[in-house]
Every structure is written in C-alpha cells, then in structure tokens.
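*Asks:* Please see the structure below; I have some questions.
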Amino acid sequence: MSLSAAVANGAAAYRYDTIQPVARLRFCGLRRKAHRLHSPRYSRHLVAARRSVVVAATAGNGAAASGTFDYDLVIIGAGVGGHGAALHAVEKGLKTAIIEGDVVGGTCVNRGCVPSKALLAVSGRMRELQDEHHMKSLGLQVSSPGYDRQVVADHANNLASKIRSNLTNSMKALGVDILTGIGTIVGKQKVRYGKVGFPDNEITARNIIIATGSVPFVPKGIEIDGKTVFTSDHALKLESVPEWIAIVGSGYIGLEFSDVYTALGSEVTFVEALDQLMPGFDPEIAKLAQRILISPRKIDYHTGVFASKITPAKDGKPVLIELIDAKTKEHKETLEVDAALIATGRAPFTKGLGLENINVVTQQGFVPVDERMQVMDATGNVVPNLYCIGDANGKLMLAHAASAQGISVVEQISGRDNILNHLSIPAACFTHPEISMVGLTEAREKADKEGFEISVVKTSFKANTKALAENEGDGLAKMIYRPDTGEILGVHILGLHAADLIHEASNAIALGTHVQDIKFAVHAHPTLSEVLDELFKAAKVNTAGSHSMNEPVAV
C-alpha cells in the first residue's frame with residue numbers, strides 16, 4: 001500500500017498508495033521531536049487513561065489486566081499496524097490480545113507490499129538481463145534470459161508465508177493472545193469475536209484499537225472473475241502472464257504491476273481517469289518517470305477516461321472495456337484485451353465492526369479520528385478508550401504509517417502524549433528505477449496561506465559516482481524548503497534505490513532538522529547517499545533569519 005483521492009464512476013475511493021489532502025493531516029510542530037511530544041493540553045479522556053493504565057513492564061505480556069478488564073489492550077486486526085501496536089504494548093507491560101478473522105499479516109504481508117516486492121525483484125533482474133546495451137557497457141554477455149512463471153509465483157507466495165510466520169511467532173513469543181474470529185464492538189470497552197458456526201466470545205478491554213485495514217476498491221460496472229478481470233489480490237498469485245493487459249489506474253499499484261508485466265513480456269495499456277498519468281506524484285518527477293518508466297516500454301495509455309464497464313473474457317471473446325469521457329461521460333471507445341487489472345485504489349474494511357453500537361458513523365467507509373487516532377462519534381466527541389489506525393482511518397494508507405500510528409496510540413495509553421507527524425512518513429513506488437517521496441508534494445498553497453517563501457533545489461543521479469558505476473545515471477532528487485528558516489518541506493526522488501535514500505530526508509523532517517544543520521553531515525564516498533548530500537548542500541538559507549540546532553536558541 002496508496003497520495004490523493006481518486007474518483008471512479010462517481011464513487012469516491014482513496015488509494016492506499018496516495019497521500020490524502022494536506023488539510024486532513026494534523027501534525028506536530030516540525031521543530032519538536034517526533035517521539036514523546038509533550039503538550040499541556042490533554043483531553044479529559046487521555047488524563048483518565050493515564051491515571052488508570054498499567055505501565056509497569058512485566059516479563060512478556062502483562063501478567064494481568066488492570067482493574068476488572070480481561071485485557072489492557074485489545075486490537076481488532078493483525079496486519080502490520082496491529083502487529084506493531086501489539087509488540088509495543090507488551091513492551092509497555094500491557095496485557096494484550098489481537099483478534100484476526102483472516103490470517104496474520106493483513107493486506108501488506110499476504111496480498112500487498114510483501115509478495116509484490118518478490119515479483120518486482122524478479123522483474124528488476126529480468127529487465128537488467130534483457131537490456132543488451134546495459135550489459136555490454138559493463139562487459140557482460142547474456143543470451144536469451146527467460147523465466148519459469150510458477151517458480152516466480154512460488155517465490156512470492158513463499159515470501160508471504162515466511163513473513164506471516166515471523167509475525168505470528170513474534171507475537172506468540174511475547175505472550176500476545178491471538179484470538180481467531182471476526183471482532184465486533186458491542187459496547188463501551190467490550191468486544192465480541194467468533195468464527196462462523198461457532199459460539200461467540202465476549203471480552204472486555206481498557207483500550208481498544210481498530211486496525212482492520214482495507215480491500216481493493218472496484219468501481220461500479222466492473223465484473224471481477226479473478227482470472228481475466230482481477231484486482232491486485234489475484235494478480236499477486238501470477239496465475240498467468242497475459243499477452244496484453246489493461247491496467248485501470250496509474251498510481252503506485254498500477255505502476256508497479258506495469259513494471260512486472262512488461263518485464264515478463266506483456267503489453268500494457270493504462271486507463272487513467274485524470275488528465276495525466278501518475279496523479280499524486282510531484283509533477284516534475286511524474287514527467288521524468290513517464291520518460292523512463294512508460295515511453296521506452298511496451299506501454300500505451302488513455303487519460304481522462306473512465307472504464308464504465310468491463311466484461312471478463314468468455315466463450316472465446318476477449319475482455320471488453322468500455323471507455324467514457326471522464327467529464328462529459330460520452331462513450332469514446334471499446335478496448336479488447338486479454339486481461340484487465342483493476343488498480344483504482346483501496347477502500348476501508350470497516351463493515352461489521354459494530355460502530356453503530358457506540359454512535360460512530362463512518363465517512364465514506366473511514367472511521368473518523370482526531371490527531372491522536374481517537375475515534376470520534378456522530379456528535380464530534382471523542383469515544384473514550386477507542387482508537388483506529390491504518391487504512392481504516394484513511395489518514396495515510398500505508399502499512400508503515402499504520403504501524404507508526406499504532407505505536408503512537410500505545411504511547412498515549414501508557415501515559416505519554418504522542419502526536420504523529422504524518423508529513424514525516426515516506427512513501428515509495430518500487431519500480432525500476434524507484435520513486436520515493438516525503439512531505440509536501442506541492443508546498444505553494446501552504447506557503448501562500450502562511451505567508452512564507454519556498455525554494456526548490458535539485459540534483460541529478462548523473463553527478464553521482466556510484467550511480468555512474470552502475471550505469472544507472474537516470475534519476476533526479478528534488479527538495480522543497482523554506483529559505484528563511486531552512487525547514488525541509490518535502491523531498492522527491494526518482495532513481496536507483498530511491499526507496500532507501502528517502503529515509504534521511506524523512507528522519508530530518510521528523511526530528512525537525514533543518515538544512516543548515518544536515519548539510520554538515522558526512523556521507524561515505526562513493527555512495528548513492530551523496531545524492532542527498534549534494535541536495536542539502538545546494539540549498540541556500542538566509543542565515544540571518546534562521547538558526548542552527550547546534551546553536552543556543554532563545555525560548
């Protein structure tokens with residue numbers, strides 16, 4: 001997982017691979033530390049929780065829940081977010097249980113981030129072996145590279161199984177109770193769970209975290225058969241490699257699968273509702289990505305159109321895709337392809353949670369929360385002791401964001417106020433080469449509203465020794481910052497190992513490190529990290545109006 005809202009056939013959906021509009025992100029002051037933020041203004045409910053929660057660490061899971069509750073913390077959903085929260089809760093000495101109605105690991109491990117990276121590892125190697133010019137430039141000779149589809153599929157499945165087992169074992173080793181069944185909130189601090197055909201069980205918890213994640217969003221008019229018309233859930237099984245596949249949606253999911261399919265020999269056609277490919281990416285990065293990731297490959301595209309109807313292949317007929325103009329809704333053309341992947345984003349999985357029992361109304365399926373992930377009821381008030389993290393709240397639909405939110409919640413219920421800065425959370429698209437970003441995509445609106453200037457600096461991978469040694473000079477890094485203070489507002493990278501490089505920038509934003517400080521950091525030579533080093537050094541800061549973190553600051 002999905003950074004903007006997408007609308008398909010009039011139904012609103014949010015991509016797990018897109019950042020929500022900045023207005024929805026409430027975050028701490030960038031000069032504060034991202035962890036253990038302290039504020040004198042605690043909510044009444046948070047203060048009450050502080051007074052009553054058990055914070056003394058014990059060996060393994062909390063020996064006994066405080067008061068008359070079965071558990072200090074119950075988490076509904078054992079995906080990456082729930083897992084991160086559970087482990088941190090045990091560390092804090094809380095007796096913890098996690099309820100899972102499917103399999104441990106959630107979307108990321110079983111049907112998302114993890115198996116997709118296994119497929120992308122194969123596509124990256126295939127792409128390199130197929131690039132005769134690249135191989136010859138390094139003095140290498142490779143003839144007729146090929147692949148075994150089933151072995152590739154098994155690699156993805158085996159990786160998911162291994163990570164799922166690791167997550168399960170890590171929780172069991174710490175004493176987290178893993179409860180099997182569908183979790184439903186039946187009242188204040190009460191949860192019922194059970195499997196179909198078996199008696200339900202009811203437990204009480206001082207605090208509850210909803211971490212139920214999301215499912216693929218399928219617009220109206222699209223018929224899924226799982227064979228010729230399918231979502232990412234089916235595509236990751238790699239049951240076939242179609243000769244010609246249409247990918248509906250050109251966000252992270254669509255881009256990554258286009259990388260896989262073209263490397264394995266497919267022709268790809270993108271169908272995008274907006275007027276340009278890769279909406280939500282920095283426009284300059286998107287333009288360069290189109291030149292590198294789209295134009296040289298067997299990919300064509302239709303923009304500004306909806307797939308109003310998609311019919312699976314049957315009786316010897318191909319998959320039929322009816323395209324209509326996104327604005328006028330007039331029919332434009334009908335595509336005939338071998339298969340269609342629906343990559344129109346993800347929708348929150350929040351049905352059946354029993355939210356009506358506590359007067360909570362979802363917003364387009366998302367559970368409303370405040371900046372501390374506390375669930376809000378229909379009147380706009382906080383529901384005491386109830387939190388929601390990850391895709392289910394829609395703040396930032398990324399697995400690592402869910403985990404960070406879960407850890408933040410556990411900090412709060414353990415007595416330490418913590419507000420997560422969502423603008424410090426990085427995102428990445430694992431194409432070849434990769435794309436990554438953190439912070440604001442477009443800072444001018446924020447700058448105009450708050451009355452400050454912004455500056456932009458860029459550096460090319462063509463100036464990096466390590467990238468040139470790899471013959472991978474195509475790439476760009478870009479930073480948006482405030483020249484008056486040196487505050488880093490956003491960083492965008494396209495190039496070799498961009499997904500790894502972004503973390504220096506994301507950590508700088510999280511810790512409030514400014515350009516005038518980080519530019520003195522030393523980077524090993526020759527490494528790709530020097531791309532960021534050059535970027536920081538290129539920034540010009542008005543030192544008269546700023547200060548260094550290493551200098552005394554009047555408070």
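Every residue gets a Cβ built from N, Cα and C, even glycine.
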*Asks:* Which one, C28, C108, is listed by TrEMBL as the other cysteine in the disulfide with C113?
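*Replies:* Among C28, C108, the cysteine that TrEMBL links to C113 by a disulfide bond is C108.
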*Asks:* Going by C-alpha distance, which of the recorded positions C108, K117, T212, G249 is nearest to H525 (active site, proton acceptor)?
*Replies:* K117
*Asks:* Taking the Cβ of L255 (NAD(+) binding site) as reference, which residues of that chain separated by at least 6 in sequence fall under 8 Å from it?
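*Replies:* Set apart from L255 (NAD(+) binding site) by at least 6 residues yet with Cβ under 8 Å, we have M278, A289, L293, C429, T431, I435.
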*Asks:* Do you know which of the recorded positions K117, H525 has the most other C-beta atoms within 10 angstroms of its C-beta?
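*Replies:* Of the recorded positions K117, H525, the most buried by Cβ count within 10 Å is K117.
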*Asks:* If you measure every Cα to Cα distance among K117, G183, T212, G213, S214, D391, M397, L398, A399, H400, the residues said to bind FAD, what is the biggest one in Å?
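*Replies:* Max Cα-Cα spread across the FAD binders: 30 Å.
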*Asks:* Checking the binding-site residues T212, G249, G251, I253, M397, A399, which are within 10 Å of C108 (disulfide bond) at the Cα level?
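*Replies:* For C108 (disulfide bond), the binding-site residues whose Cα atoms are within 10 Å come to A399.
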